Amino acid sequence: MSETHLSTKKFADFPLHKEVQQALNEVGFEFCTPIQALSLPILLAKKDIAGQAQTGTGKTLAFLVATFNHLLTEAAPTERKINQPRAIIMAPTRELAIQIAKDANLLAKHTGLKVGIVYGGEGYEAQRKVLDKGIDILIGTTGRIIDYVRQGVIDVSAIQAVVLDEADRMFDLGFIKDIRFLFRRMPDAKSRLNMLFSATLSMKVQELAYDHMNEPEKVEIAPNEKTSKNIKEEIFYPSMEEKMPLLLSLLEEDWPEKAIVFSNTKHSCEKVWSWLEGDGHRVGLLTGDVPQKKRLRILEQFTSGDIDVLVATDVAARGLHIADVSHVYNYDLPDDCEDYVHRIGRTGRAGQKGVSVSFACEEYALNLPAIESYIQHSIPVTSYDSEALLDDIPAPKRIHRKPSSHSRNSRDRSGSRPQGGHRGNAPRRHDKTRRHS
């Protein structure tokens with residue numbers, strides 16, 4: 001975590017339970033991020049908050065520290081049953097729930113509190129067996145939580161702490177009825193510690209907060225900056241014919257450590273994947289059609305570095321929290337302005353630098369004015385030399401509806417990246433620059 005992303009406030013400055021502080025010390029967290037420094041004094045005073053913060057600001061640790069501290073300093077309800085968790089953390093996607101659970105388990109090490117995670121798509125019986133043993137903190141997606149509530153596997157009537165993460169995405173994905181269903185089955189808002197976090201505190205999000213929370217205090221981090229200053233943005237105006245050669249050429253020139261390429265449709269993503277795979281890149285594909293087990297495997301490979309480039313639609317990428325993404329490429333400009341912010345927010349996180357490259361082609365260039373109006377600044381335009389684009393691009397690989405998770409056809413060339421790189425051991429083809437300032 002970069003020091004430019006941290007405040008001068010230390011976790012040790014707060015009256016945290018000794019086991020929470022011990023866990024923080026062991027994982028190396030000493031200084032708070034701004035959202036942690038602002039929210040923890042409120043939460044430790046047992047007051048509710050509605051926090052506005054982008055992903056990568058440290059909000060997850062803020063609400064986890066508050067949740068663990070609350071459960072360790074408050075007595076459990078008398079006659080609490082084994083199927084009654086004490087805290088519930090709701091997330092819009094499986095991937096976000098999984099990441100929250102990983103972070104929660106780091107804090108749970110010395111506390112004796114049990115963490116359980118539930119999400120749709122797989123593992124129904126396995127997840128149920130964990131719940132049957134009893135848990136203190138339930139983390140999951142609303143649909144699967146409701147399934148277990150309706151079956152009596154989970155009873156939320158003893159909840160002492162509630163977290164709603166990425167509330168704006170909950171609205172986008174149509175989960176608000178599910179959330180209200182769960183809130184109505186919990187104890188009164190005044191008897192719980194309630195936390196809501198959202199990238200934007202729109203009127204609908206604030207209405208949800210005031211309906212189901214106890215006079216929450218609003219906490220905002222850089223509300224006027226929709227895009228991070230740590231992200232270098234640029235935009236190209238390629239023709240439809242030069243769009244793919246430009247992408248492949250920029251990947252060759254930028255040689256990003258970890259990149260995500262966004263496209264607007266499943267078909268377009270498959271096309272991009274085919275060209276990158278044919279060119280020998282170690283590339284994964286995430287669309288709504290990818291089965292959950294394969295999706296998790298691809299994400300694990302991307303996180304571990306076995307895949308360098310991930311091609312994804314907006315829906316498939318929602319909730320992704322992957323560290324160290326150096327570049328984001330908008331192969332298509334999104335139709336939704338907020339999607340642009342969410343896309344490029346995958347890079348430049350936790351104080352790191354990132355690069356966002358967008359293509360304004362003939363089909364999607366009309367989306368640009370609305371995007372620039374929404375982010376309140378113009379995206380710098382970069383020109384390129386058509387003659388410098390790669391001209392030895394292999395044919396795309398046929399997808400056969402079962403794309404491999406990474407390249408298996410890397411060409412045998414000695415390379416500048418030992419044990420991998422975008423084309424296995426393949427080096428860059430040449431050092432010609434394609435950008436013109």
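Heads up, the Cβ atoms here are built off N, Cα and C, so glycines get one too.
Check Swiss-Prot against the ranges 9-37, 183-211, 299-327, 357-385 and you find motif 'Q motif' recorded for 9-37. For the ranges 165-168, 229-232, 281-284, the feature annotated in Swiss-Prot as motif 'DEAD box' maps to 165-168.
Just so you know, the Cβ of Lys59 (ATP binding site) picks up 26 other Cβ atoms within 10 Å once every protein chain is counted. For the binding-site residues Gln54, Thr55, Thr57, counting C-beta atoms within 10 A of each C-beta gives the highest total at Thr57. Here the motif 'DEAD box' (165-168) returns a mean pLDDT of 87 for the predicted model. For the recorded ATP site, residues Ala53, Gln54, Thr55, Gly56, Thr57, Gly58, Lys59, Thr60 set the reference point as the centre of their Cβ atoms, and the other residues of that chain within 8 Å of it by Cβ are Thr33, Ile35, Phe197, Ile221, Arg349.
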